[in-house]
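Structure record follows, encoded as structure tokens.
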Amino acid sequence: KINFNKVPLYYRNVSGASRLVSIRAQVTTEAPAKVEKISKKQEEGVIVNKFRPKEPYVGRCLLNTKITGDDAPGETWHMVFSTEGEVPYREGQSIGVIADGVDANGKPHKLRLYSIASSALGDFGDSKTVSLCVKRLVYTNDKGEEVKGVCSNFLCDLKPGAEVKITGPVGKEMLMPKDPNATVIMLATGTGIAPFRSFLWKMFFEKHEDYKFNGTAWLFLGVPTSSSLLYKEEFEKMKEKAPENFRLDFAVSREQTNEKGEKMYIQTRMAQYAEELWTLLQKDNTFIYMCGLKGMEQGIDEIMSSLAERDGIV
């Protein structure tokens, strides 16, 4: 298996339970080194676990709107909660949410982690809110019964004014690079777009005295249908505003194909830029992030492995 020389790769899997791993290795035939602490991200002063399940922060829902079309396979909602500045977080962190009610054993529901979809300033720019991007989980079990995910349905059904129990913030693995001249490649499927929306708002929609992004941000977003493209209008505005700094590629698997007639997944779209990506991934200030379904990882690895082999690296 090939990983990328000097390129930190951060991966969040949202296909099941919220798990986060940080992968860093070198292109080599030797066993990869032990994961090292990466110092090129904005880790100084990052707050974690200020609020825990026994004493959560109680915010209120300010906004909750469906952001997928009616014909999309599944519903995804964007929601904004008040924090009054009491839940300080950085771009790339997550919060936990505890759904109201109790489980089958009469105990409070366990928290569920969600990547934060807003910048540290929040959607309203006052550092007093936090936003999430949540897909409503509904599936049929082995008995043919419809099952609804407890926390996702609780969140998607929230009305403005309703209380929300919040824990965290958590996580340092997905933080933004602190280098304003970095190349940041973001690979997202579905609601995996959440942390990258937070990155991109800071990069292109906000003004900061101590940060101005002058590098290249390249987003690959994979969804099944065009009606499932999340935050499409926002990203297109960013592209218009900073065409030299922001690149945007969609992969719509049920509607697009490549020249071979294959469905257009993220790895299929990336293959069209394989040479360019390979060059970027060998630079010291390139960072690659993945968030979403784990299935895209193998296809991307195969693309880069073939180029590494061609160049005699393996």
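Just so it is clear, glycine is given a Cβ too, placed from its N, Cα and C backbone atoms.
Lifted from TrEMBL, the feature list:
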DOMAIN    54-176  domain 'FAD-binding FR-type'
BINDING   SER115, LYS135, THR191, VAL223, PRO224, SER253, ARG254, LYS263, GLY292, LEU293  NADP(+) binding site
Recorded NADP(+) site residues SER115, LYS135, THR191, VAL223, PRO224, SER253, ARG254, LYS263, GLY292, LEU293, farthest C-alpha pair in Å: 28
Counts of helix, strand and coil residues, the domain 'FAD-binding FR-type' (54-176), according to DSSP: 7 helix, 51 strand, 65 coil
Model confidence over the domain 'FAD-binding FR-type' (54-176) (mean pLDDT, whole number): 95
Candidate with the highest Cβ count within 10 Å, taken from the binding-site residues SER115, THR191: SER115
Winner by Cβ contact number (other Cβ atoms within 10 Å) across the binding-site residues PRO224, GLY292: GLY292
ARG254 (NADP(+) binding site) CB neighbourhood, other CB atoms within 10 A: 13
